[in-house]
């Protein structure tokens, strides 16, 4: 009986082993089925997933008779356009590369500005268009570049003044057959010898009418037998006798700026400036850390508007001559990482405000620097304000913004 029980026990063990083996086989088959199903789901999800965004946009070309600023065509990069003198921009002056691989805005083109559209010819003159200039055909009784003078009253090649110093007797010598008379340099003979008189030659008017070289940078003053140049107030005449140089009233302590304000030298004068931080708004407030910089006070952690506000605001003042040749770089913005902290891996520059933004573009000059460039010449005297901001990003996440408030004092003169 004991032997029979042992055989029954062995049979039970074998039956249990077969049962476990069958369950193991079914488990393996089920696991393979689950893996196959997961693989099918993963494949269908991969097909349905959107394609990754484009990394760049097609290259852009400068318009005919214009220029392009910016050579990076990556997502979020900007390209700026400006036209040559005598042309106006139609379309978008700034285009940005979007994540879908297309550019914002419209394709720019440069259209010629009609010089005759302002009707410059007076007194019935006919305007003829030229490349960057115009010419007036005047009626018989009118003359001048814009037909502004009556023919009989047009300024003479030289003028005669009643002052005695501007006329003198000629030097005459008797020869065997006749009398020879001559005038000093800077005078010309009026009338015939021996009754003629030497009258001053007005070099200022002669050179101006004959299209000769410009005698003076500013004003030409006729004097007996010659001329001299003069400069406007706030300038001194240089050693060449024709050029003018600005007097720096600030460095010479010739200003009247009060305590607490700063003297800024400008063409022909000076300005007293006192930059002020913006007033507190909500939980956004600033403290002045230097005469020309404000820094934002710490923000509450939950305040998104405070973190989006400029972290620093700096003030800059630039004197410029009138009609400065363009394009002209005026100002640079750059970033620098604090010691021990990683710097931004991406920057975005833009014009944030001002009273004449169409004259400027912002161009990235290298990875960590942007430049404000004057692309349309400015006629003085005038004061221009332009705000440039620089946003810092790290791993595409916004970090901070810095604002530069730039004031440009344009001189009345081109020197």
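Yeah, the Cβs are placed from backbone N, Cα and C, and that goes for glycine too.
Here is what TrEMBL records for this protein:
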DOMAIN    55-112  domain 'Sushi'
DISULFID  83-110  disulfide bond
DOMAIN    112-148  domain 'EGF-like'
DISULFID  138-147  disulfide bond
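Listed in sequence order, 63, 64, 65, 66, 83, 84, 87, 88, 89, 90 are the same-chain residues at least 6 apart in sequence whose CB falls under 8 Å from the CB of residue 110 (disulfide bond). Residues 65, 85-88, 154 of the same chain, all 6+ positions outside the domain 'EGF-like' (112-148), place their C-beta atoms under 8 angstroms from a C-beta of that stretch. For residue 147 (disulfide bond), the same-chain residues 6+ apart in sequence whose C-beta sits under 8 angstroms from its C-beta are 121, 122, 123, 124, 125, 136, 138, 139. A count of other CB atoms within 10 A of each Cβ picks out 83 as the most crowded of the disulfide-bonded residues 83, 138.
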